[in-house]
Amino acid sequence: MSRSNAHLNPLECTQQALHWIHSDTLSPDDMAALNQEVLSCFREYVNPGFLEYRKSVTTGGDYGAVEWRASGPNTLIDTQGNEYLDCLGGYGIFNVGHRNPNVIAAVESQLARQPLHSQELLDPLRGLLAKTLAALTPGNLKYSFFSNSGTESVEAALKLAKAYQSPRGKYTFIAATGAFHGKSLGALSATAKPAFRRPFMPLLPGFHHVAFGDISAMRKQVQQCQKTGDDVAAIILEPIQGEGGVIVPPENYLPAVRALCDEVGALLILDEVQTGMGRTGKMFACEHYGVQPDILCLAKALGGGVMPIGATVATEAVFSVLFENPFLHTTTFGGNPLACAAALATVNELLTKNLPEQAAIQGEFLLQGLQQLAAEYPQLIIEARGMGLLQAIEFRKNEIGYAFAKELFQRNILVAGTLNNSKSVRIEPPLTITREQCARVLKEAKDVLKKLNGTMPDENKMKEYAVE
């Protein structure tokens, strides 16, 4: 059988990669070679489409920034030696900063002892992390299922809700327009972006979407489901929509949804994959509203920016449906020792360093500054909004938002648009960001807006920044 990749030697590939992995420093020649190799690998073996969305990739495709190492809790360096202030935070994974030394130390200690679990013996850190989350999460959430990502934590939540509600004849889920819950089949059924959904239709049946923040629309949908016998098993929401554009709901919305769930016997699933672990100024965003879910989804920052881990935390009443057969829903690597070590150290960092409080303090300063800029440039900006250090600037056109992000990149500040709302540029730095760094962001943002204000009225100039 002929192989189209017969010219490739896998041993040479691994040896070349290991050379770079084990290199503390790179010579200029090594940097240039690595940069070109990575661009080639993405183009030929990963997905060339990704290069179209990188702010660092030039029109000719001859340059793309390749990250090399973290240079501090809030900064990273590329292979060319450029240092960037990270205001994207890996979409919210670096809450305790890049390469947090205490998280790394915990993982290294576990790595030296036993990297992965045997599956048959009881792994201690999984138990200790579950106990920690029971103590950390609001209300009477108690039992935890561990996975490897946010979409997996949502899948587990949906399956858990189905297992609990199916004997009660309830199979329907209600989510929100603008929602993002992941891209695996079940999570995608709750996600609302048409571009992500259409190629995989039909998705799972029994999902409805209503306007986020509109309790009247939610109640009408529940009532309509009841009229047709499609009783609601669960309502799944993000307390604040992240990929929808950092949409903060009315203050009474989540309490009203909680009351509606109690009224009709539906479960409330809150997806705090992005809003959890101190991001919004409290450990969990639902705490701003005094609301406790029946099932809570966590991931992203739970691993401290060192290990991937997801968690689905539920009340005993709900989780007990898995007691009889704990193998109904499992995953090989979920709750592995390295991930649990990272998560335990992350929680410790958040608590001992008061990082949720820091997010509230620095977030208030940053948001006030962004809102002042929005008032100065209403022709460009609709509004700046957010909570804690989950913030967004919504521009009047997609092209303006992309141009803003690209100009900030040229000034060595990383930001990005949100997946479901291209006009909204998110600002989501590590919770360790300093006041001085926040001030730098505001200064550079003001300079960029001043520049764009002079160029954006010319539609021909805007084509340079357009994203098809």
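Backbone N, Cα and C atoms are what each Cβ position is placed from, and that goes for glycine too.
The Cβ neighbour count for Gln274 (pyridoxal 5'-phosphate binding site), using a 10 Å radius over every protein chain in view, is 30. Annotated pyridoxal 5'-phosphate binding site per Swiss-Prot: Gly150, Thr151, Gln274, Thr332, in sequence order, evidence recorded as sequence analysis.
Among the features that Swiss-Prot reports, N6-(pyridoxal phosphate)lysine is placed at Lys300, with the record citing sequence analysis. Long-range C-beta contacts of Lys300 (N6-(pyridoxal phosphate)lysine), restricted to its own chain and to partners at least six residues apart, with a cutoff below 8 Å, comprise Gly90, Tyr91, Gly92, Ile93, Gly150, Val273, Gln274, Gly276, Met277.
The binding-site residues examined here are Thr151, Thr332; by Cβ neighbour count within 10 Å, the least packed of them is Thr332. DSSP assigns Lys300 (N6-(pyridoxal phosphate)lysine) to a helix in the three-state reduction.
Gly150 (pyridoxal 5'-phosphate binding site): 30 other CB atoms within 10 A of its CB, across all protein chains.
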